[in-house]
Amino acid sequence: MLSFRTNSDKFLLGAFIASVAITLLLILFPVVHAIQLSFYQSESFVSERTWIGAGNYLRVLQESGFWRAFGIGVTFSVLTIVLQVALGIGCALLLDQPFFGRPVIRGLAVLPYLLPTVVVAVAFQWLLDGSLGLFTIWAEELGLGRPAWFEDPVMAMVVVVIASVWTWTPFVTISFLAALQTIPKSLYEAARVDGAGSWNRFWHVTIPMLVPMLMVIVLLRSIWMFNKFDIIWLMTKGGPLSATEHLPVMAYRRAFMQYDVGGGAAVATLSFAVLSLLILVYFYFYPLDGKEGNK
Amino acid sequence: MNQFDKDDVLAQEALLAQTKPAVGRRDVLKSVVAGAALMAVGAPSVLAQGKTLRFLNAEPGRDSVRALRVAAAEYEKKFGVKVVIDTVPPDDAYNKIQSSIAAGTPYDVGTLAFAGHVLLLAQAGKLVPLTKLVQRHKWGPNVLFPIKDENYWYPYDYNFCWMYYRKDLYQQKGLKVPTTWDQMAENCKALTEGGKFGVGHPVGANAAAQWMSLGYMWADGVRLLDNNFKLIVDNAEMKPKVTRYLDFMKKMGPSMPSGMTQALFGTVLGQYSGGQIAHAPYAGRLIEVIEDKAPDLVAKTGFFMYPDSAGSGQAVNHGYDGWVVLNTPMRDESLKFMEWFVDNHYINFLHSAPLHMQPPRMDVYDDIRWRAHPLIEKHAELVDFMKSMLTRKDVAIRSIDTEGPGVDLRPGKMFETFAICDAIQNVLYKGMPPAEAVDIMAAKYRTVL
């Protein structure tokens, strides 16, 4: 049984409780407040609110724009996660090999992750600028004309996906690199003795050992990418023609620009609910403690 | 006995203290009386000690911030009230004011750029009327936006948008200032060659597009809402006009650089001052910028309002900015500050962007202090042109957020849907028939009305 007899123990206990309380307050208060707002009709954050129950939800769910934004969010998340994981594993395998200058290359590989998102967004915007962008000029010199990077809905989505993958793949790489280094060398030795080639060693040793990390990465990146607001807002503001407007952008537009605080809160709450549901399903099938799920 | 100033009570007290070392009851009473007298006669600065006004500025230009800080410092020196100037980009001002109210530390004075925000805050009881202050002057049209006969903001500039053009290129090509859309499109086409473009109209879903690209539509008499705030953009009278406008924009498309969906205010300034485009929509800031960055273009630059399709009308796109006083415990002090500020520093503040901040107060145009600015003196022709927008009857002053018979939130909501920008993009980039784009636009507008 735990006992807290010394002053030091009591201080640690107090600090722990305080930190938990502050964290809960900082997380719970905004969430509860947002959920509360979603049941009111309000045209600003300071005007009087009118209780309308589920009115905002019914209205939002009936809009085709909501489902379109939901689909765009799913598309963006899936594309970025698949590419980040594939590239992340590939880069981790390369960086795990011994080669000259490995520490420097490992350091450089992390660089994009260290850049503030706004820097990434502005850099991509400049590179793809319709008049002065380096990539635009190169494309023109190659005889491809001036690509409509941000005018074409599909191209705009591709651009934000590429920018996102470029920025956040290093996180996946570092995670897998760490996981690779925990795989006992004896497993590879045993596989080699059993006659397994490099592909078989990768497929039957490396991949199974990376699965727990893969699960965590997919979970974390799903949450982050589905909620990703900054890169899309900074690069396209959800355009062109709402082609990159996912739920966070839609919620922001409604709450802060279209004077529909309740509607914006409803969109954000629905997004939160979808994500929570997804995480519960995920944990049902892939519990993090490694036990068999309730399949 | 020494002769003292009769108001110099402290000095008298000091002398008394020297000559009568013992402090008696009479002395204490005298001191109290002296203190009270000092409070009553003397010094507003002592009275005001510790008071602070918080002013949210949304003009982030260096000179504008400096003008406000100078005024703040002077006010503090004169009245002992500290005025703290916080500066944010214009788009953030309303949310910042809301946040400050919600946090229980509201700003005392704020800057707003949309009449609907003033309406929202006034309806919520967060503003105090400035009617008496406003009524001291004559104002230009479409800028006061009274709410129930009260004025809740003090406008400091118009942000009209008109067209600039390269006079030298016009001369080279033998072109004339356009009075119709066809002429405009032809001129832009003639000036598009060798990596140079006729015009740069932003077409993204943003405020820049709605400020810089819609003037033609207003010139042609398009109205989005009727006098009951009912959407009429797709009725039998308006739809053909909007369709014609979208057709015109499609015609202009090849004369514009690529990437105009990403273009913002600064993009167009850069395109014009860099010589990439021959026409640019903007307000007076364009002249200020080329005076600074591309002085060789100054003499080569002319201006005109947005023409209509038939050559019988013209328009400018509306814009405006103003200050509000919030209903805080400091409201009386804020009103006093505002009164002092507009009497003593209004023109200094306008001078921080002398050509861009077009005065909405008509008396300012005749004020020799305002006219004394070198840029205003130098560009007298432009200034007269700007003033004429306020006085001529044949100029349409319109914008989406000022549609309808009075101040209302609905046009503001319409503004933020960017449905007109979608319509332009649908026509320009998806090849959608303009009539279909108008229908989609109208449907999107209806979702917020």
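All residue numbers here begin at 1 and follow the chain in the order shown.
From the backbone N, Cα and C atoms, a Cβ is placed for every residue, glycine too.
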Requested in this report: Out of A:201-224, A:225-248, let me know the one TrEMBL marks transmembrane segment.
Outcome: A:201-224
Query raised in the report: Going through A:66-95, A:154-180, A:201-224, A:265-285 one by one, which has the most CB pairs that fall under 8 Å from the transmembrane segment (A:107-128)?
Result: A:154-180
Query - Cβ-Cβ under 8 Å with the transmembrane segment (A:265-285): same-chain residues at least 6 beyond its ends - result: 31, 34-35, 37-38, 56-57, 59-61, 66, 69-70, 73, 219, 222-223, 226-227, 247-248, 250-251, 254-255, 293-295
